[in-house]
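In TrEMBL this protein carries:
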SITE      Arg21  site 'Transition state stabilizer'
ACT_SITE  Tyr26  active site, proton acceptor
BINDING   Asn102, His108, Asp115, Val129, Ser130, Arg139  substrate binding site
ACT_SITE  His128  active site, proton donor
Amino acid sequence: MASTRRILLINGPNLNLLGTREPQIYGSTTLHEIEQAAQTQASSLGLRLSIFQSNHEGAIIDRIHQAAGFSPSLPPPGAATTTGAGADPGTGEGKVSAIIINPGAYTHTSVGIRDALLGTGIPFVEVHVSNVHAREAFRHHSYLSDKAVAVICGLGPFGYSAALEFVGRHMKF
């Protein structure tokens with residue numbers, strides 16, 4: 001592999017409560033445990049994984065923008081800048097190759113996150129711990145699914161592993 005591919009894992013609102021929130025739906029695995037397993041798996045796949053979780057829509061949008069190498073404080077790509085092209089000012093990392101996102105409740109409401117993903121052009125995989133199609137009707141619609149490279153739902157924490165495997169072994173960048 002010529003260079004290490006950078007992958008961003010984003011978890012949306014209330015996913016910080018995994019392990020305690022409605023364990024009959026989401027299981028008992030904590031987000032920290034999922035993140036640790038993801039880091040180990042990413043390393044074995046030759047991926048560099050960054051992880052971000054927020055309960056705030058704007059913070060998620062800002063992180064997606066940063067993953068593409070710009071932020072609200074930076075001009076658009078191609079404009080004159082002294083901050084260094086392609087750098088992620090939030091972490092010092094370069095642009096990411098792909099995003100794995102569990103947008104949580106924002107799946108069903110956020111045109112802003114959809115627009116950020118589309119605006120950056122970063123391919124993404126949508127992940128859900130529960131089977132959203134076997135739940136309340138309002139959870140059946142996703143603002144992201146039609147633009148995602150893949151959608152994984154209902155596999156519990158294994159969905160994150162499946163997403164990393166797919167990104168690491170099957171996605172073309």
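Using N, Cα and C of the backbone, Cβ positions are placed for all residues, glycine too.
TrEMBL entries are annotated by machine, without manual review.
Of Arg21, Tyr26, His128, all annotated as recorded positions, the residue with the shortest Cα distance to Asp115 (substrate binding site) is His128. Candidate recorded positions: Arg21, Tyr26, His128. Nearest to Asn102 (substrate binding site) by Cα distance: His128. Here the C-alpha separation of the residue listed as 'active site, proton acceptor' and Ser130 (substrate binding site) works out to 6 Å. For the pair Ser130 (substrate binding site) and Arg21 (site 'Transition state stabilizer'), the C-alpha distance works out to 12 angstrom. If you measure from the Cα atom of His128 (active site, proton donor) to that of His108 (substrate binding site), you get 12 Å. Neighbour counts of Cβ atoms within 10 Å were compared across the recorded positions Arg21, His108, His128; the minimum falls on Arg21. Candidate binding-site residues: Asn102, Ser130. Fewest other C-beta atoms within 10 angstroms, Ser130.
For the pair His108 (substrate binding site) and Arg21 (site 'Transition state stabilizer'), the Cα-Cα distance reads 19 Å. Within the same chain, residues at least six positions away from Val129 (substrate binding site) with a Cβ under 8 Å of its Cβ are Leu18, Tyr26, Gly27, Asn102, Cys153, Leu155, Gly156, Pro157, Gly159. The most densely surrounded of the recorded positions Tyr26, Asp115 is Tyr26 (count of other Cβ atoms within 10 A of its Cβ).
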